[in-house]
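Participant: So TrEMBL has the following annotated:
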type     : residues                                                                            : note
ACT_SITE : His243                                                                              : active site, proton acceptor
BINDING  : Gly17, Ala18, Thr19, Gly20, Asp21, Leu22, Ala23, Arg24, Arg51, Asp94, Ile95, Lys151 : NADP(+) binding site
BINDING  : His181, Lys185, Glu219, Asp238, Lys335                                              : substrate binding site
DOMAIN   : 14-190                                                                              : domain 'Glucose-6-phosphate dehydrogenase NAD-binding'
DOMAIN   : 192-485                                                                             : domain 'Glucose-6-phosphate dehydrogenase C-terminal'
Amino acid sequence: MVARVVPVDPFDLVVFGATGDLARRKLIPALYHRMHDGQAPEGARIVGAARADLDADGYRRMADAALTEFVAPADLDAASREIFLKAIDYVPVDIGGDDGWTALGEALPEHGSSRPRAFYLSLAPRFFGPAAARVKSEGLAGAEGRIVVEKPFGHDLGSARALNAALAGAFDEHHVYRIDHYLGKETVQNLMALRFANALFEPLWNNHHIDHVQITVAESVGVEGRGPYYDGVGAMRDMVQNHLLQLLCLIAMEPPAHFEPDAVRDEKVKVLRALAPLSSAENVVRGQYAGAGASASYAEDAQSPDSRTESYIALKAEVANWRWSGVPFYLRTGKRLRGRMSEIAVAFKPAPHSIFPGGGKVGQNVLAIRLQPDEGITLGMTIKDPGPGGLRLAPAVLDMTFAEAMRGAPSLRMPDAYERLVMDVIRGDQTLFMRGDECEAAWSWVDPIIAAWEERGDRPAAYDPGSSGPDDALMLLHRDGRRWREIAP
Ligand code: NAP
(Lines of atoms letter the chains of each structure in order from A and count residues from 1; the text may use other names and numbers.)
(Lines give C-alpha, C1' and ligand atoms only; values in the text may rest on other atoms or scores of the structure.)
Protein backbone atom coordinates (compact mmCIF):
# COMPACT_ATOMS: atom_id res chain seq x y z
CA MET A 1 0.00 0.00 0.00
CA VAL A 2 1.04 3.57 -0.63
CA ALA A 3 -0.09 6.17 1.89
CA ARG A 4 -2.73 8.83 1.29
CA VAL A 5 -3.89 8.15 -2.25
CA VAL A 6 -6.32 10.67 -3.67
CA PRO A 7 -8.63 8.78 -6.05
CA VAL A 8 -8.99 10.09 -9.58
CA ASP A 9 -12.27 10.21 -11.48
CA PRO A 10 -13.24 7.22 -13.64
CA PHE A 11 -11.36 7.57 -16.93
CA ASP A 12 -10.76 6.09 -20.38
CA LEU A 13 -7.16 5.36 -21.29
CA VAL A 14 -6.28 4.07 -24.74
CA VAL A 15 -2.81 2.53 -24.86
CA PHE A 16 -1.53 2.44 -28.43
CA GLY A 17 1.30 -0.10 -28.65
CA ALA A 18 -0.38 -2.15 -25.94
CA THR A 19 1.46 -5.34 -26.86
CA GLY A 20 4.90 -3.72 -26.75
CA ASP A 21 7.70 -3.82 -24.20
CA LEU A 22 6.91 -0.53 -22.45
CA ALA A 23 3.22 -1.31 -22.11
CA ARG A 24 3.83 -4.77 -20.65
CA ARG A 25 6.80 -3.87 -18.44
CA LYS A 26 5.70 -0.46 -17.14
CA LEU A 27 2.20 0.70 -18.06
CA ILE A 28 0.18 -2.41 -17.23
CA PRO A 29 1.92 -2.88 -13.84
CA ALA A 30 1.58 0.88 -13.10
CA LEU A 31 -2.15 0.83 -13.80
CA TYR A 32 -2.59 -2.34 -11.74
CA HIS A 33 -0.84 -0.73 -8.75
CA ARG A 34 -2.97 2.40 -8.95
CA MET A 35 -6.12 0.33 -9.01
CA HIS A 36 -4.87 -2.00 -6.29
CA ASP A 37 -4.16 1.02 -4.07
CA GLY A 38 -7.60 2.48 -4.67
CA GLN A 39 -6.46 5.47 -6.72
CA ALA A 40 -7.78 4.39 -10.12
CA PRO A 41 -11.47 3.56 -9.61
CA GLU A 42 -13.16 0.37 -10.74
CA GLY A 43 -15.09 2.32 -13.40
CA ALA A 44 -11.84 3.11 -15.23
CA ARG A 45 -11.53 1.67 -18.73
CA ILE A 46 -8.19 0.72 -20.28
CA VAL A 47 -8.31 -0.02 -23.99
CA GLY A 48 -5.25 -1.65 -25.53
CA ALA A 49 -4.61 -1.06 -29.23
CA ALA A 50 -2.01 -2.55 -31.56
CA ARG A 51 -2.05 -4.44 -34.84
CA ALA A 52 -1.94 -7.90 -33.20
CA ASP A 53 -5.14 -9.77 -33.93
CA LEU A 54 -6.31 -10.36 -30.38
CA ASP A 55 -9.72 -10.16 -28.76
CA ALA A 56 -10.28 -8.66 -25.32
CA ASP A 57 -9.74 -12.01 -23.59
CA GLY A 58 -6.55 -12.63 -25.52
CA TYR A 59 -5.18 -9.26 -24.45
CA ARG A 60 -6.30 -9.80 -20.85
CA ARG A 61 -4.22 -12.98 -20.84
CA MET A 62 -1.24 -10.98 -22.09
CA ALA A 63 -1.81 -8.33 -19.40
CA ASP A 64 -2.20 -11.03 -16.76
CA ALA A 65 1.13 -12.57 -17.78
CA ALA A 66 2.72 -9.09 -17.57
CA LEU A 67 1.46 -8.74 -14.00
CA THR A 68 2.96 -12.10 -13.07
CA GLU A 69 6.26 -11.11 -14.62
CA PHE A 70 6.60 -7.49 -13.53
CA VAL A 71 4.67 -7.04 -10.26
CA ALA A 72 6.13 -8.29 -6.97
CA PRO A 73 4.17 -11.34 -5.73
CA ALA A 74 3.45 -9.55 -2.43
CA ASP A 75 1.54 -6.86 -4.34
CA LEU A 76 -0.55 -9.27 -6.42
CA ASP A 77 -3.83 -10.39 -4.97
CA ALA A 78 -6.53 -12.33 -6.77
CA ALA A 79 -9.35 -9.84 -6.10
CA SER A 80 -7.41 -6.77 -7.36
CA ARG A 81 -6.17 -8.73 -10.33
CA GLU A 82 -9.68 -9.70 -11.34
CA ILE A 83 -11.00 -6.14 -10.98
CA PHE A 84 -8.06 -4.81 -12.98
CA LEU A 85 -8.39 -7.31 -15.81
CA LYS A 86 -12.12 -6.61 -16.04
CA ALA A 87 -11.32 -2.95 -16.75
CA ILE A 88 -9.27 -3.96 -19.81
CA ASP A 89 -10.47 -4.10 -23.38
CA TYR A 90 -8.56 -4.46 -26.65
CA VAL A 91 -9.10 -3.34 -30.24
CA PRO A 92 -6.80 -4.26 -33.17
CA VAL A 93 -5.86 -0.95 -34.80
CA ASP A 94 -3.35 -0.09 -37.51
CA ILE A 95 -2.05 3.47 -37.08
CA GLY A 96 -1.00 3.68 -40.70
CA GLY A 97 -4.20 2.19 -42.16
CA ASP A 98 -7.95 2.20 -41.75
CA ASP A 99 -8.33 -1.03 -39.82
CA GLY A 100 -9.80 -0.80 -36.37
CA TRP A 101 -10.60 2.92 -36.01
CA THR A 102 -14.37 2.49 -36.13
CA ALA A 103 -14.17 -0.35 -33.61
CA LEU A 104 -11.98 1.81 -31.36
CA GLY A 105 -14.63 4.54 -31.42
CA GLU A 106 -17.27 1.97 -30.51
CA ALA A 107 -15.15 0.79 -27.58
CA LEU A 108 -15.17 4.36 -26.27
CA PRO A 109 -18.76 5.41 -25.79
CA GLU A 110 -19.75 8.65 -24.04
CA HIS A 111 -17.35 10.96 -25.85
CA GLY A 112 -18.10 14.55 -25.17
CA SER A 113 -18.73 13.72 -21.52
CA SER A 114 -16.57 15.18 -18.78
CA ARG A 115 -14.94 11.80 -18.13
CA PRO A 116 -11.15 12.21 -18.57
CA ARG A 117 -9.88 10.51 -21.70
CA ALA A 118 -6.24 9.96 -22.61
CA PHE A 119 -4.37 8.37 -25.51
CA TYR A 120 -0.97 6.97 -24.60
CA LEU A 121 1.32 6.66 -27.63
CA SER A 122 3.57 3.78 -26.57
CA LEU A 123 4.67 3.57 -30.18
CA ALA A 124 7.75 4.14 -32.29
CA PRO A 125 8.24 7.92 -32.68
CA ARG A 126 7.41 7.90 -36.39
CA PHE A 127 3.81 7.13 -35.36
CA PHE A 128 3.42 10.01 -32.86
CA GLY A 129 2.23 12.61 -35.38
CA PRO A 130 0.04 10.28 -37.49
CA ALA A 131 -1.58 8.70 -34.40
CA ALA A 132 -2.39 12.11 -32.88
CA ALA A 133 -3.86 13.30 -36.20
CA ARG A 134 -5.97 10.19 -36.59
CA VAL A 135 -7.30 10.29 -33.02
CA LYS A 136 -8.35 13.85 -33.73
CA SER A 137 -9.87 13.24 -37.18
CA GLU A 138 -11.81 10.23 -35.90
CA GLY A 139 -13.31 12.51 -33.23
CA LEU A 140 -12.14 10.21 -30.43
CA ALA A 141 -10.62 12.83 -28.16
CA GLY A 142 -13.49 15.24 -27.63
CA ALA A 143 -12.64 18.73 -26.41
CA GLU A 144 -10.63 17.63 -23.37
CA GLY A 145 -8.86 14.46 -24.59
CA ARG A 146 -5.17 14.21 -23.76
CA ILE A 147 -2.32 12.74 -25.72
CA VAL A 148 0.74 11.21 -24.04
CA VAL A 149 3.97 11.05 -26.01
CA GLU A 150 6.95 8.87 -25.13
CA LYS A 151 10.60 9.62 -25.59
CA PRO A 152 12.52 10.23 -27.80
CA PHE A 153 11.00 13.60 -28.64
CA GLY A 154 12.84 14.26 -31.87
CA HIS A 155 16.38 13.57 -32.99
CA ASP A 156 17.40 17.23 -33.26
CA LEU A 157 15.81 20.66 -33.16
CA GLY A 158 14.30 20.36 -36.65
CA SER A 159 12.59 17.03 -35.97
CA ALA A 160 11.38 18.19 -32.52
CA ARG A 161 9.85 21.29 -34.13
CA ALA A 162 8.18 19.16 -36.78
CA LEU A 163 6.80 16.84 -34.10
CA ASN A 164 5.53 19.77 -32.03
CA ALA A 165 3.84 21.15 -35.13
CA ALA A 166 2.24 17.77 -35.91
CA LEU A 167 0.91 17.45 -32.36
CA ALA A 168 -0.28 21.06 -32.34
CA GLY A 169 -2.29 20.30 -35.49
CA ALA A 170 -4.39 17.86 -33.47
CA PHE A 171 -4.12 18.81 -29.78
CA ASP A 172 -3.85 22.02 -27.83
CA GLU A 173 -0.53 22.24 -25.93
CA HIS A 174 -2.46 22.01 -22.65
CA HIS A 175 -3.52 18.53 -23.68
CA VAL A 176 -0.07 17.24 -24.70
CA TYR A 177 1.89 15.24 -22.11
CA ARG A 178 5.54 14.61 -23.08
CA ILE A 179 6.88 11.93 -20.77
CA ASP A 180 10.29 12.14 -19.14
CA HIS A 181 9.99 9.39 -16.57
CA TYR A 182 12.84 10.87 -14.50
CA LEU A 183 10.45 13.65 -13.52
CA GLY A 184 8.04 11.09 -12.06
CA LYS A 185 10.57 9.82 -9.56
CA GLU A 186 9.77 10.45 -5.92
CA THR A 187 13.17 12.01 -5.23
CA VAL A 188 12.90 14.47 -8.09
CA GLN A 189 9.72 15.85 -6.62
CA ASN A 190 11.32 15.78 -3.22
CA LEU A 191 14.05 17.96 -4.63
CA MET A 192 11.42 20.60 -5.35
CA ALA A 193 9.98 20.19 -1.84
CA LEU A 194 13.47 20.45 -0.37
CA ARG A 195 14.23 23.64 -2.27
CA PHE A 196 10.88 25.39 -2.09
CA ALA A 197 9.30 24.17 1.15
CA ASN A 198 12.33 24.73 3.40
CA ALA A 199 13.86 28.09 4.20
CA LEU A 200 17.21 26.48 4.97
CA PHE A 201 18.64 25.99 1.49
CA GLU A 202 17.42 28.92 -0.59
CA PRO A 203 19.82 31.52 0.93
CA LEU A 204 22.72 29.18 0.08
CA TRP A 205 21.47 28.21 -3.38
CA ASN A 206 23.75 30.40 -5.48
CA ASN A 207 27.30 31.02 -6.60
CA HIS A 208 28.29 32.53 -3.24
CA HIS A 209 27.88 29.21 -1.47
CA ILE A 210 27.75 26.44 -4.06
CA ASP A 211 31.07 25.32 -5.50
CA HIS A 212 29.77 23.05 -8.25
CA VAL A 213 27.06 20.54 -9.15
CA GLN A 214 27.54 16.99 -10.45
CA ILE A 215 24.80 15.04 -12.19
CA THR A 216 25.54 11.39 -12.86
CA VAL A 217 23.42 8.74 -14.55
CA ALA A 218 25.56 5.60 -14.69
CA GLU A 219 24.45 2.21 -15.95
CA SER A 220 26.31 -1.04 -15.48
CA VAL A 221 24.67 -2.66 -18.50
CA GLY A 222 25.65 -2.05 -22.12
CA VAL A 223 23.32 -1.32 -24.99
CA GLU A 224 22.27 -4.98 -24.94
CA GLY A 225 19.64 -5.80 -27.57
CA ARG A 226 19.08 -2.10 -28.38
CA GLY A 227 22.48 -1.79 -30.09
CA PRO A 228 21.44 -1.15 -33.69
CA TYR A 229 18.77 1.38 -32.54
CA TYR A 230 21.13 3.11 -30.10
CA ASP A 231 23.90 3.42 -32.65
CA GLY A 232 22.11 6.19 -34.47
CA VAL A 233 21.46 8.02 -31.23
CA GLY A 234 24.20 7.99 -28.56
CA ALA A 235 24.33 9.16 -24.95
CA MET A 236 23.95 12.87 -25.73
CA ARG A 237 20.61 12.45 -27.45
CA ASP A 238 19.40 9.46 -25.43
CA MET A 239 20.14 10.83 -21.95
CA VAL A 240 21.59 14.35 -21.78
CA GLN A 241 19.10 16.19 -23.99
CA ASN A 242 16.20 15.01 -21.84
CA HIS A 243 16.88 13.40 -18.45
CA LEU A 244 20.10 15.14 -17.40
CA LEU A 245 19.04 18.57 -18.59
CA GLN A 246 15.69 18.16 -16.83
CA LEU A 247 17.53 17.41 -13.58
CA LEU A 248 19.81 20.39 -14.15
CA CYS A 249 16.74 22.59 -14.61
CA LEU A 250 15.25 21.52 -11.29
CA ILE A 251 18.47 22.40 -9.49
CA ALA A 252 19.04 25.70 -11.28
CA MET A 253 15.51 27.09 -11.75
CA GLU A 254 14.28 30.13 -9.87
CA PRO A 255 11.41 29.55 -7.43
CA PRO A 256 8.21 29.73 -9.45
CA ALA A 257 5.50 32.03 -8.09
CA HIS A 258 3.14 29.06 -7.77
CA PHE A 259 3.49 25.30 -7.99
CA GLU A 260 1.45 25.35 -11.14
CA PRO A 261 2.40 23.64 -14.45
CA ASP A 262 3.21 26.64 -16.60
CA ALA A 263 4.82 28.60 -13.76
CA VAL A 264 7.23 25.68 -13.12
CA ARG A 265 7.89 25.08 -16.82
CA ASP A 266 8.46 28.78 -17.51
CA GLU A 267 11.31 28.71 -14.98
CA LYS A 268 12.79 25.54 -16.47
CA VAL A 269 12.79 27.02 -19.98
CA LYS A 270 14.66 30.06 -18.67
CA VAL A 271 17.42 27.78 -17.36
CA LEU A 272 17.72 25.97 -20.70
CA ARG A 273 17.94 29.28 -22.51
CA ALA A 274 20.62 30.47 -20.08
CA LEU A 275 22.93 27.52 -20.84
CA ALA A 276 26.12 28.93 -22.32
CA PRO A 277 27.02 27.48 -25.74
CA LEU A 278 29.54 24.68 -25.33
CA SER A 279 31.83 25.18 -28.25
CA SER A 280 35.11 24.09 -26.69
CA ALA A 281 36.04 20.44 -27.29
CA GLU A 282 37.87 20.30 -23.98
CA ASN A 283 34.61 20.63 -22.04
CA VAL A 284 33.00 17.61 -23.70
CA VAL A 285 34.35 14.07 -23.35
CA ARG A 286 32.86 11.21 -25.31
CA GLY A 287 33.60 7.56 -24.71
CA GLN A 288 32.76 4.12 -26.03
CA TYR A 289 33.10 0.96 -23.95
CA ALA A 290 35.72 -1.53 -25.05
CA GLY A 291 35.34 -5.29 -24.79
CA ALA A 292 37.03 -7.44 -22.16
CA GLY A 293 36.94 -11.21 -21.97
CA ALA A 294 33.37 -12.38 -22.49
CA SER A 295 32.09 -8.80 -22.26
CA ALA A 296 31.38 -7.49 -25.78
CA SER A 297 32.58 -4.07 -26.88
CA TYR A 298 30.12 -1.34 -27.83
CA ALA A 299 30.97 -1.82 -31.51
CA GLU A 300 30.12 -5.53 -31.22
CA ASP A 301 26.88 -4.82 -29.33
CA ALA A 302 25.91 -2.21 -31.90
CA GLN A 303 26.99 -4.49 -34.79
CA SER A 304 28.84 -1.50 -36.17
CA PRO A 305 32.64 -2.08 -36.18
CA ASP A 306 33.47 1.49 -37.15
CA SER A 307 30.88 3.22 -34.98
CA ARG A 308 31.59 6.75 -33.72
CA THR A 309 28.53 6.80 -31.43
CA GLU A 310 29.23 7.60 -27.78
CA SER A 311 28.06 5.24 -25.05
CA TYR A 312 29.47 7.71 -22.51
CA ILE A 313 29.52 11.47 -22.29
CA ALA A 314 30.76 13.92 -19.69
CA LEU A 315 30.54 17.67 -20.04
CA LYS A 316 30.98 20.87 -18.13
CA ALA A 317 27.99 23.15 -18.54
CA GLU A 318 27.49 26.70 -17.39
CA VAL A 319 24.21 28.39 -16.55
CA ALA A 320 25.02 31.92 -17.53
CA ASN A 321 22.88 33.98 -15.20
CA TRP A 322 23.24 36.03 -12.03
CA ARG A 323 22.61 33.14 -9.63
CA TRP A 324 24.92 30.57 -11.20
CA SER A 325 27.71 32.50 -12.84
CA GLY A 326 30.99 30.66 -12.21
CA VAL A 327 29.37 27.45 -10.86
CA PRO A 328 30.17 24.51 -13.15
CA PHE A 329 27.51 21.87 -13.70
CA TYR A 330 29.34 18.64 -14.52
CA LEU A 331 27.11 16.12 -16.27
CA ARG A 332 28.04 12.53 -17.08
CA THR A 333 26.18 9.47 -18.22
CA GLY A 334 27.30 6.20 -19.66
CA LYS A 335 26.78 2.52 -20.14
CA ARG A 336 28.72 -0.48 -18.88
CA LEU A 337 30.20 1.54 -16.04
CA ARG A 338 31.29 0.42 -12.60
CA GLY A 339 27.78 0.50 -11.14
CA ARG A 340 24.22 1.69 -11.57
CA MET A 341 23.73 5.08 -10.02
CA SER A 342 21.68 8.21 -10.72
CA GLU A 343 22.55 11.10 -8.51
CA ILE A 344 22.66 14.87 -8.29
CA ALA A 345 25.35 16.17 -5.95
CA VAL A 346 25.41 19.81 -4.89
CA ALA A 347 28.85 20.57 -3.46
CA PHE A 348 29.01 23.62 -1.20
CA LYS A 349 32.08 25.78 -0.78
CA PRO A 350 34.25 24.80 2.14
CA ALA A 351 34.09 26.75 5.40
CA PRO A 352 36.09 29.93 4.82
CA HIS A 353 38.45 29.38 7.75
CA SER A 354 39.27 26.40 9.93
CA ILE A 355 39.65 27.01 13.66
CA PHE A 356 40.78 23.41 14.22
CA PRO A 357 44.53 23.27 13.68
CA GLY A 358 45.66 19.68 13.51
CA GLY A 359 42.20 18.50 14.56
CA GLY A 360 41.21 17.23 11.17
CA LYS A 361 40.25 18.49 7.77
CA VAL A 362 37.14 20.62 7.40
CA GLY A 363 35.27 18.86 4.61
CA GLN A 364 32.94 20.10 1.94
CA ASN A 365 29.20 19.82 2.58
CA VAL A 366 27.59 17.83 -0.22
CA LEU A 367 23.85 17.52 -0.66
CA ALA A 368 23.33 14.32 -2.66
CA ILE A 369 19.97 13.59 -4.21
CA ARG A 370 19.95 9.93 -5.21
CA LEU A 371 17.45 8.72 -7.77
CA GLN A 372 18.63 5.12 -7.92
CA PRO A 373 19.35 2.80 -6.33
CA ASP A 374 17.75 3.52 -2.93
CA GLU A 375 16.04 6.84 -3.67
CA GLY A 376 16.86 9.37 -0.99
CA ILE A 377 18.72 12.49 0.02
CA THR A 378 21.91 12.73 2.09
CA LEU A 379 23.82 15.69 3.43
CA GLY A 380 27.53 15.25 4.00
CA MET A 381 28.64 17.11 7.14
CA THR A 382 31.78 17.46 9.18
CA ILE A 383 31.31 16.54 12.86
CA LYS A 384 33.42 15.86 15.89
CA ASP A 385 34.77 12.34 15.86
CA PRO A 386 32.85 10.80 18.77
CA GLY A 387 34.80 9.68 21.84
CA PRO A 388 37.16 11.03 24.45
CA GLY A 389 40.21 11.33 22.19
CA GLY A 390 40.19 15.11 21.86
CA LEU A 391 38.47 17.23 19.26
CA ARG A 392 39.07 15.58 15.93
CA LEU A 393 36.89 16.13 12.92
CA ALA A 394 35.30 13.38 10.88
CA PRO A 395 32.91 13.17 7.96
CA ALA A 396 29.33 12.08 8.69
CA VAL A 397 26.24 11.73 6.57
CA LEU A 398 22.76 12.93 7.45
CA ASP A 399 20.67 10.31 5.69
CA MET A 400 17.13 11.00 4.54
CA THR A 401 16.79 7.72 2.65
CA PHE A 402 13.09 7.19 2.15
CA ALA A 403 13.23 3.52 3.06
CA GLU A 404 14.55 4.66 6.46
CA ALA A 405 11.92 7.36 6.79
CA MET A 406 9.29 4.74 6.07
CA ARG A 407 10.69 2.27 8.59
CA GLY A 408 7.62 2.68 10.81
CA ALA A 409 5.34 1.75 7.90
CA PRO A 410 6.87 -1.33 6.29
CA SER A 411 3.85 -1.78 4.01
CA LEU A 412 4.71 1.42 2.12
CA ARG A 413 6.04 0.84 -1.37
CA MET A 414 7.87 3.39 -3.48
CA PRO A 415 5.64 3.87 -6.55
CA ASP A 416 7.23 3.63 -9.97
CA ALA A 417 7.51 6.91 -11.91
CA TYR A 418 4.96 5.72 -14.47
CA GLU A 419 2.31 5.27 -11.76
CA ARG A 420 2.50 8.91 -10.77
CA LEU A 421 2.77 10.21 -14.33
CA VAL A 422 -0.24 8.28 -15.65
CA MET A 423 -2.35 9.50 -12.72
CA ASP A 424 -1.17 13.08 -13.40
CA VAL A 425 -2.37 12.72 -16.99
CA ILE A 426 -5.78 11.65 -15.75
CA ARG A 427 -5.87 14.54 -13.25
CA GLY A 428 -4.83 16.93 -16.02
CA ASP A 429 -1.68 18.06 -14.19
CA GLN A 430 1.16 18.88 -16.63
CA THR A 431 3.72 19.99 -14.04
CA LEU A 432 5.93 16.92 -14.49
CA PHE A 433 5.72 16.86 -18.29
CA MET A 434 7.91 18.74 -20.73
CA ARG A 435 6.36 21.58 -22.66
CA GLY A 436 7.08 21.87 -26.38
CA ASP A 437 9.29 24.95 -25.98
CA GLU A 438 11.32 23.15 -23.29
CA CYS A 439 12.14 20.30 -25.69
CA GLU A 440 13.12 22.77 -28.37
CA ALA A 441 15.29 24.81 -25.99
CA ALA A 442 17.12 21.64 -24.92
CA TRP A 443 17.76 20.65 -28.55
CA SER A 444 18.91 24.20 -29.34
CA TRP A 445 21.73 23.77 -26.82
CA VAL A 446 22.56 20.17 -27.73
CA ASP A 447 22.56 20.41 -31.55
CA PRO A 448 25.62 22.70 -31.92
CA ILE A 449 27.64 20.47 -29.56
CA ILE A 450 26.90 17.43 -31.72
CA ALA A 451 27.52 19.42 -34.90
CA ALA A 452 30.93 20.54 -33.56
CA TRP A 453 32.18 17.01 -32.85
CA GLU A 454 30.81 15.76 -36.15
CA GLU A 455 32.64 18.54 -37.96
CA ARG A 456 35.87 17.72 -36.14
CA GLY A 457 35.38 14.04 -36.93
CA ASP A 458 35.96 13.15 -33.26
CA ARG A 459 36.10 9.53 -32.24
CA PRO A 460 34.92 8.63 -28.75
CA ALA A 461 37.74 7.46 -26.42
CA ALA A 462 37.67 3.79 -25.46
CA TYR A 463 37.03 2.97 -21.80
CA ASP A 464 37.20 -0.29 -19.91
CA PRO A 465 33.91 -1.99 -19.09
CA GLY A 466 33.28 -1.75 -15.35
CA SER A 467 35.35 1.45 -15.07
CA SER A 468 34.19 5.01 -14.30
CA GLY A 469 34.57 6.09 -17.92
CA PRO A 470 37.45 7.47 -20.02
CA ASP A 471 40.47 9.10 -18.35
CA ASP A 472 39.71 12.39 -20.10
CA ALA A 473 36.49 12.61 -18.09
CA LEU A 474 38.54 12.48 -14.88
CA MET A 475 40.68 15.30 -16.24
CA LEU A 476 37.58 17.41 -16.90
CA LEU A 477 37.30 17.85 -13.12
CA HIS A 478 40.96 17.39 -12.12
CA ARG A 479 42.03 20.42 -14.06
CA ASP A 480 39.47 22.44 -12.05
CA GLY A 481 40.85 20.94 -8.81
CA ARG A 482 37.78 18.74 -8.30
CA ARG A 483 36.91 15.05 -8.41
CA TRP A 484 33.92 13.07 -9.56
CA ARG A 485 31.95 11.32 -6.87
CA GLU A 486 32.56 7.63 -6.76
CA ILE A 487 30.34 5.30 -8.77
CA ALA A 488 29.82 2.44 -6.34
CA PRO A 489 29.93 -1.06 -7.86
P1 NAP B 1 7.89 -2.08 -28.94
O2 NAP B 1 8.12 -3.14 -27.94
O3 NAP B 1 8.52 -2.20 -30.28
O4 NAP B 1 6.30 -1.95 -29.13
C5 NAP B 1 5.72 -1.20 -30.17
C6 NAP B 1 4.21 -1.35 -30.14
O7 NAP B 1 3.67 -0.64 -31.25
C8 NAP B 1 3.72 -2.79 -30.25
O9 NAP B 1 2.61 -2.95 -29.40
C10 NAP B 1 3.29 -2.89 -31.72
O11 NAP B 1 2.29 -3.87 -31.80
C12 NAP B 1 2.74 -1.48 -31.93
N13 NAP B 1 2.70 -1.10 -33.34
C14 NAP B 1 3.70 -1.14 -34.25
N15 NAP B 1 3.28 -0.71 -35.44
C16 NAP B 1 1.97 -0.37 -35.30
C17 NAP B 1 0.98 0.14 -36.17
N18 NAP B 1 1.23 0.37 -37.46
N19 NAP B 1 -0.26 0.36 -35.69
C20 NAP B 1 -0.53 0.10 -34.38
N21 NAP B 1 0.36 -0.37 -33.49
C22 NAP B 1 1.60 -0.62 -33.95
O23 NAP B 1 8.31 -0.65 -28.37
P24 NAP B 1 8.43 -0.19 -26.84
O25 NAP B 1 9.76 -0.57 -26.32
O26 NAP B 1 7.23 -0.64 -26.10
O27 NAP B 1 8.46 1.41 -27.00
C28 NAP B 1 7.31 2.16 -27.27
C29 NAP B 1 7.67 3.64 -27.18
O30 NAP B 1 8.12 3.92 -25.86
C31 NAP B 1 8.82 4.07 -28.10
O32 NAP B 1 8.62 5.40 -28.51
C33 NAP B 1 10.04 4.01 -27.20
O34 NAP B 1 11.05 4.87 -27.64
C35 NAP B 1 9.43 4.48 -25.88
N36 NAP B 1 10.15 4.05 -24.70
C37 NAP B 1 10.26 2.72 -24.41
C38 NAP B 1 10.92 2.32 -23.26
C39 NAP B 1 11.03 0.87 -22.88
O40 NAP B 1 11.53 0.62 -21.79
N41 NAP B 1 10.59 -0.05 -23.69
C42 NAP B 1 11.49 3.28 -22.41
C43 NAP B 1 11.35 4.64 -22.73
C44 NAP B 1 10.68 5.00 -23.87
P45 NAP B 1 1.91 -4.61 -33.18
O46 NAP B 1 3.19 -5.02 -33.84
O47 NAP B 1 1.04 -5.75 -32.74
O48 NAP B 1 1.16 -3.63 -33.97
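Placement of Cβ uses the backbone N, Cα and C atoms for every residue, glycine included.
TrEMBL annotations: computationally assigned, not manually curated.
Any idea what these are sitting next to in the structure?
Facilitator: Here the Cβ of His243 (active site, proton acceptor) has 20 other Cβ atoms within 10 Å, regardless of which shown protein chain they belong to.
Every protein chain shown contributes to the tally, and the Cβ of Asp21 (NADP(+) binding site) ends up with 9 other Cβ atoms within 10 Å.
In the three-state DSSP scheme, Lys335 (substrate binding site) is classed as coil. Within 10 Å of the C-beta of Lys335 (substrate binding site) we count 25 further C-beta atoms, all protein chains included.
Here the domain 'Glucose-6-phosphate dehydrogenase C-terminal' (192-485) returns a mean pLDDT of 92 for the predicted model.
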Participant: For Ile95 (NADP(+) binding site), which residues of its chain lie six or more apart in sequence with Cβ-Cβ distance below 8 Å?
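Facilitator: Correct list: Phe16, Leu123, Phe127, Pro130, Ala131, Arg134.
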Participant: List the recorded positions Gly17, Asp21, His181, Lys185, His243 whose Cβ sits under 6 Å from any atom of ligand 1, in sequence order.
Facilitator: Gly17, Asp21
Participant: Around the Cβ of Lys185 (substrate binding site), how many other Cβ atoms lie within 10 Å? Please give the count over every shown protein chain.
Facilitator: 23
Participant: So, in DSSP terms, is Asp238 (substrate binding site) helix, strand, or coil?
Facilitator: helix
Participant: Taking every protein chain in this structure into account, which of the binding-site residues Arg51, His181 has the most other Cβ atoms within 10 Å of its Cβ?
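Facilitator: The residue with the densest Cβ neighbourhood is His181.
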Participant: Could you check which of the recorded positions (Gly17, Thr19, Ala23, Arg51, His243) sits closest to Lys335 (substrate binding site), going Cα to Cα?
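Facilitator: Nearest in space to Lys335 (substrate binding site), counting only the recorded positions, is His243.
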